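To start, the structure itself, in C-alpha cells.
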Amino acid sequence: MSLLVLGIGHKTASVEIRERATLVPENIRAFLEMARSHQLASEVVVLSTCNRTEFYFYQLSISVEEFCEIWAKYSELDAKTAKSHLYQIEGDAAARYIFRVAAGLESLILGEPQIMGQLKDALTLATEYGTAKKYLQRVLQMSFNVAKEIRTETNIGAFAVSVAFSAVQLARNIFDGLEHHHVLLVGAGETIELVARHLIEAGVRKITIANRRVERAELMIEELGVEAQAHGLEQLPELLPIADIVVASTAAQDALITKEMAKAALKIRKNRPILLIDLAVPRDISPEIDKLSNTYLYTVDDLNEIVESNQRAREEAAILAEQYIEKGLVRWCEWYKIAEIGHSVQTIVAYAERERDDAIRRLFNQLESEFDAELIEKMATQLTNRILHPMIEHLKSLEESEETATVAELLTQFKI
C-alpha cells in the first residue's frame, strides 16, 4: 500500500468508542518511536482528537489486522472493536480525504478551523520522530495550502454554527466594537464558558459573572485567565444597569431577570439599549422584557434559527470547496507521479551499480595486473551508463504520460 488512511471517527463510532480509540500524547510518542524502530511503515503521522483518531501511512508494511492489534496496545480499544469501526482509504482517495480533513469538511462542525492546527501539530511531532518524511510531509503541506485557499475563497468559516458562537456573532452585529462594552454573564456552566471564550476572542475586556455559587464563577475566571468580577445571583438588580450585553444560561426553574428589574436598569442607564440573550431552558429572562423599549431579547430558539441558516450557508460553501479539493488532488497526483518515477530511476541505478560492482569483484579475483583492474572498472562504469541512459530518459518521459503505473510493474517483473 502506498498512501493509506486508517481511522475511527464521529461518522463510524459513538463517543464512547472514540474515547477508547484515542491515543494520549505520551502514547502517540511511544507509538511513533515503535513505528520507527520496528519499520512499521516508511512514514506515519498520528492525528488524535475528540472526534477522530487517524493514522496516515506511506507504505504500511503489515496487514490492517496486525495494525489493529498494535493500536489496541496504545489505547483503551480492543483490536476487534477497532477493526469493526475502522475506515480504510487508499491511494488518491486517501490524499483527497486528508485535504478534506484539513479544510474541516470531515469535521463534526462543518468547516471548523481548529482541525488544521491539530494536523500541523501532528505533522510536527511525526517529523520530530523521523516518521514523516518526503511523502507525508508533502501531502499534508498541500492539504494546508488547499485549506487556506478554501477559507480565503469561500465563506465556509464565516457563519457561526454553535449557539455559543452565534450569541457572540449576534452581539457583534448589534454593537460596533465589543471591546468598549460591558458584558454580564449569568451562570458559570459549560455554555457560558464557551460564550466567554468567544467574547474574549472578539475583544471584550469588561466581563462580570453572576452565579449561584460565587466560587464556581471565580474558578471560571481563573480558567479563562482574564480580569473579571464574580458575584452572586442576588446582586443581579445592581449588576444589570452596568451591562450593555447580558447572556444567561443557568438551571434555574424561574426567571432570574424580570421585567421590573429591566425597567429599573433602563432608568439608571438613561434608556441606553441592552442586548439580552437567553440560552436557558426554562428561560432565565422574562419574555415580558421584549415589550420594553431599548431592550433586544433573543432566546435559544432565535439562535437555533441562526445556526440552522448558517449551517445551510456552510453547506453551500462546502460545495464550492470541493472544487478546490479536486484542484489540489490534481497537483498531488502530478507531484506523486514525478516522485515515483524519480524513485524508480534511483532503484534501477542502484540495482545496475550493485550488479556491476558484483561482476567486477568476481573478475578482479581472476586478475593479476592492477592496471587491467582499473581499466575494466572504468569500462564497466561506462557500459552501465550507456545501458541505463536510454532507460532513464524513457522513464523521465513518462512524466508527461499516463503510463507511470507500468514502472512499478516493470520493477516487480524484473525483481528490482
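Placement of Cβ uses the backbone N, Cα and C atoms for every residue, glycine included.
Listed in TrEMBL:
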type	residues	note
DOMAIN	6-154	domain 'Glutamyl-tRNA reductase N-terminal'
BINDING	T49, C50, N51, R52, S107, E112, P113, Q114, Q118	substrate binding site
ACT_SITE	C50	active site, nucleophile
DOMAIN	169-306	domain 'Quinate/shikimate 5-dehydrogenase/glutamyl-tRNA reductase'
BINDING	G187, A188, G189, E190, T191, I192	NADP(+) binding site
DOMAIN	321-412	domain 'Tetrapyrrole biosynthesis glutamyl-tRNA reductase dimerisation'
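Within 8 Å of the centroid of the Cβ atoms of G187, A188, G189, E190, T191, I192, where the record puts NADP(+), the same chain has further Cβ atoms from L185, E193, L194, V195, M220, S249, T250. Of all the Cβ atoms in the protein chains shown, 19 others lie within 10 Å of the Cβ of S107 (substrate binding site). Across the binding-site residues listed here (T49, N51, Q118, T191), the residue whose Cβ sits among the most other Cβ atoms within 10 Å is T191. Using the Cβ center of T49, C50, N51, R52, S107, E112, P113, Q114, Q118 for substrate, the list of other same-chain residues with Cβ within 8 Å runs, in sequence order, G104, L108, I109, I115. Taken residue by residue, the domain 'Quinate/shikimate 5-dehydrogenase/glutamyl-tRNA reductase' (169-306) breaks down under DSSP into 64 helix, 31 strand, 43 coil. Summarising model confidence by region, the domain 'Tetrapyrrole biosynthesis glutamyl-tRNA reductase dimerisation' (321-412) averages a pLDDT of 69.
Neighbour counts of Cβ atoms within 10 Å were compared across the binding-site residues G187, G189; the minimum falls on G189. Across the domain 'Glutamyl-tRNA reductase N-terminal' (6-154), DSSP helix (H, G, I), strand (E, B) and coil residues number 84 helix, 25 strand, 40 coil.
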